[in-house]
């Protein structure tokens with residue numbers, strides 16, 4: 001797997017009174033290390049993330065059930081609606097990231113979009129509480145469809161949440177990592193642990209959602225089931241603002257998209273220019289031309305882009321008439337090179353996100369046709385995702401306290417595995433999760449045939465607890481791939497593009513959900529030809545959901561092979 005070296009930051013190495021990474025206080029003044037940032041600021045950020053994720057998963061975990069049972073939608077449409085919405089939740093971070101990196105900074109972006117999020121939660125709660133906003137219950141086998149107005153209120157709340165989460169997701173993890181000074185060796189190691197515990201806090205919120213809140217929604221009603229997450233979203237906002245005096249802030253560096261366009265335009269304008277060696281390329285003498293960013297070393301890859309930093313004879317005479325659309329710094333060129341180098345790694349995590357999406361769709365629908373009773377207790381199918389969360393909660397301390405020190409003794413890396421190695425291990429585990437789900441479905445269909453239940457849309461006498469292995473494997477894969485992805489996109493991104501790169505990492509989840517919806521659509525289209533029930537009919541006893549899981553396992557294996565090639569060729573960034 002790719003040898004992503006952990007490069008020490010050579011500029012402004014700070015063990016003194018002030019931070020050396022350019023962080024400031026809320027007023028924009030240099031900030032002292034003592035009494036700010038580090039772990040002392042993290043409880044407020046982790047508390048915010050825990051409550052916000054509880055709110056999000058309180059909606060998403062059981063959403064497919066609400067669509068089928070309360071809005072009376074079919075299985076395939078409900079699954080597609082959930083994955084489309086979830087995908088949008090991971091697409092909107094691009095909007096939040098641009099505001100954070102270019103204009104507002106991460107702190108104020110989180111504050112503004114959290115308010116939008118809270119409004120969306122309130123709207124969704126009203127749609128499930130007020131009788132006029134929801135269709136009446138089924139009368140026997142007759143289930144009235146929701147009216148356009150009822151759909152409108154429901155999806156308005158749902159997509160306000162999607163917009164709100166777009167300003168939080170790309171900023172919270174980066175804002176938390178900003179509390180650790182990159183130029184301090186001790187704090188740099190602690191930052192690696194932060195990402196583990198950040199993901200741990202996400203799953204504490206998810207644990208409460210997938211167990212208690214799912215039970216409330218199925219037994220006490222959806223109004224209360226959506227109302228409780230709304231209250232927790234309010235607590236998330238309070239927690240975040242409470243830590244303001246302790247936070248370290250990074251100044252926004254201007255629009256990263258504009259800087260990328262400037263490099264491309266300048267390169268095209270100078271397409272006939274032959275770039276010289278790195279000593280002849282343009283760079284400012286002190287500091288960096290980009291606010292909130294340190295200089296980056298020149299790399300020999302993608303030499304065409306070096307044309308943008310090549311000083312022509314005419315520019316040498318008129319350097320005072322500097323035009324950023326004709327001449328840019330080496331650091332600005334390297335920003336774009338980094339994005340290009342990261343792209344193959346980014347692309348090969350999309351299939352993993354499609355596998356992860358099955359936990360809130362096909363895994364839940366598989367659970368509805370398994371025996372959900374354990375003694376006198378009935379387990380809501382969506383609550384099985386609790387075991388995914390438990391898996392994460394178990395694996396994070398094991399990884400951070402046992403695996404990292406153990407592997408570090410062999411590899412010599414600060415964090416044990418490199419980020420790329422960690423992500424690759426997760427991709428392997430995700431394949432095993434799909435294999436486990438497929439094998440369970442084969443067993444379930446065999447029992448359905450044996451019991452004569454093929455033509456009956458009922459659960460088969462096989463315990464839902466047999467789904468635990470596939471959920472547990474998904475959780476283990478998350479700890480390796482998703483946390484490794486957080487680390488990779490933060491550490492390898494340019495300083496002034498960290499929110500944007502975090503958004504790109506989240507975009508893989510969006511595209512994974514869209515890919516899942518696309519695969520579902522294709523599978524439904526091709527397998528229902530000629531009057532066949534298809535792989536995923538409303539009566540799953542007549543279908544072949546196992547084939548769908550095998551399809552994802554095969555795609556994941558092919559994707560793993562591509563990932564190994566891309567990771568082995570990756571070269572890490574170098575700050576000067």
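The backbone N, Cα and C atoms fix where each Cβ goes, and this holds for glycine too.
Heads up, TrEMBL stuff is auto-annotated, nobody curated it.
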26-50, 51-75, 76-100, 251-275 - the one TrEMBL records as transmembrane segment: 76-100
Positions whose Cβ lies under 8 angstroms from the transmembrane segment (502-528), at least six residues beyond its ends: 76, 79-80, 83-84, 86-91, 93-94, 96-97, 169-171, 173-174, 342, 346-347, 349-358, 361, 485-486, 488-490, 493, 534-537, 544, 548, 551-552
Considering the transmembrane segment (197-216), which listed stretch of 76-100, 149-168, 425-448, 468-490 counts the most C-beta pairs under 8 Å: 468-490
Interface present between the transmembrane segment (384-404) and the transmembrane segment (222-241) (three or more C-beta pairs under 8 A): no
Recorded stretch, among 107-129, 149-168, 384-404, 468-490, 548-566, maximising Cβ pairs under 8 Å relative to the transmembrane segment (425-448): 468-490
